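Undergrad: My questions all concern the structure below.
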């Protein structure tokens with residue numbers, strides 16, 4: 001391990017935190033960066049472990065809301081329905097992710113061209129949804145009905161394809177099912193907590209014999225950068241999308257996907 005490895009870990013942690021909660025696919029960005037810049041020393045297990053920084057970022061920002069949910073849960077039926085809705089939305093990813101884990105890691109994660117194509121397709125979808133004259137029926141995540149939560153959960157499973165984006169799929173699904181932009185992004189935040197925690201725990205178990213103690217410093221640096229940048233994004237994203245929508249992220253995806261695809265076609 002040298003200074004370059006630490007800078008690499010810091011850069012990857014920064015990218016993870018900045019892109020995890022916005023609809024641009026953090027996994028897709030990390031895979032493309034690893035492919036084009038040759039960041040191989042940390043490996044894909046490292047990329048999973050630094051997600052813990054992003055998980056703790058959202059838990060930190062949402063600590064007051066989570067505490068209120070915890071205290072209201074025993075006596076408030078609306079709060080219980082919301083928590084049950086999050087669990088229902090999480091179940092499809094938990095089941096399908098466990099069953100398809102090997103295929104996802106060994107095939108989908110090794111196909112950078114697929115990442116670029118999904119980034120481009122997702123960019124067009126975001127731009128399309130953003131300009132629709134939708135009439136939202138739900139302005140508070142607490143009011144999402146259980147069938148809607150389950151549908152969002154199945155839509156989230158599309159994000160097992162790198163480049164699709166977990167937050168992008170859940171936000172688009174929520175919007176098309178009647179949510180407004182702010183609550184769609186917030187529901188994506190809440191759903192990220194069990195989904196990311198579950199993926200982290202499962203990948204950590206699967207990779208328990210791969211990481212060595214020598215990787216501790218790299219993971220620590222990546223974790224800190226993912227946490228700091230993740231806190232920044234979570235704090236400001238809801239206000240941003242309420243005012244400006246998702247157009248910026250649609251163009252972001254189109255540019256990154258197109259540049260990546262062109263580079264793959266030219267240099268491989």
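The backbone N, Cα and C atoms fix where each Cβ goes, and this holds for glycine too.
Computed from a predicted structure; not experimentally measured.
So Swiss-Prot lists these for the protein:
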type: TRANSMEM; residues: 3-23; note: transmembrane segment
type: TRANSMEM; residues: 46-66; note: transmembrane segment
type: TRANSMEM; residues: 84-104; note: transmembrane segment
type: TRANSMEM; residues: 107-127; note: transmembrane segment
type: TRANSMEM; residues: 144-164; note: transmembrane segment
type: TRANSMEM; residues: 184-204; note: transmembrane segment
type: TRANSMEM; residues: 218-238; note: transmembrane segment
type: TRANSMEM; residues: 248-268; note: transmembrane segment
Undergrad: Spell out yes or no: are there three or more C-beta pairs under 8 angstroms between the transmembrane segment (248-268) and the transmembrane segment (46-66), with each pair 6 or more apart in sequence?
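TA: Taking Cβ pairs at least 6 residues apart, the transmembrane segment (46-66) and the transmembrane segment (248-268) are not in contact, as fewer than 3 fall under 8 Å.
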Undergrad: Considering pairs 6 or more residues apart, do the transmembrane segment (46-66) and the transmembrane segment (84-104) have at least three CB pairs under 8 Å?
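TA: Touching, no - the transmembrane segment (46-66) and the transmembrane segment (84-104) miss the threshold of 3 or more Cβ pairs under 8 Å.
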Undergrad: Let me spell it out: take the transmembrane segment (107-127), skip the flanking residues so only those 6+ beyond its ends count, and list any with a Cβ under 8 Å from a Cβ in it.
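TA: Here the qualifying positions are 23-25, 27-28, 31-32, 35, 44, 160-165, 168, 172, 246-247, 249-254, 256-258, 260-261, 264.
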Undergrad: By a Cβ-Cβ criterion of under 8 Å, what residues six or more beyond either terminus of the transmembrane segment (218-238) are in contact with it?
TA: 1, 5-6, 8-14, 16-18, 20-22, 41-42, 46, 49-54, 56-58, 60-62, 182, 185-186, 189, 211
Undergrad: Sort out for me which stretch, of 84-104, 144-164, 184-204, has the most Cβ pairs below 8 angstroms to the transmembrane segment (3-23).
TA: 184-204
Undergrad: May I ask for the residues of the chain that lie six or more residues beyond the transmembrane segment (84-104) and have a Cβ under 8 Å from a Cβ within it?
TA: 144-146, 148-150, 152-154, 156-157, 160, 170, 190-191, 193-195, 198-199, 202, 206
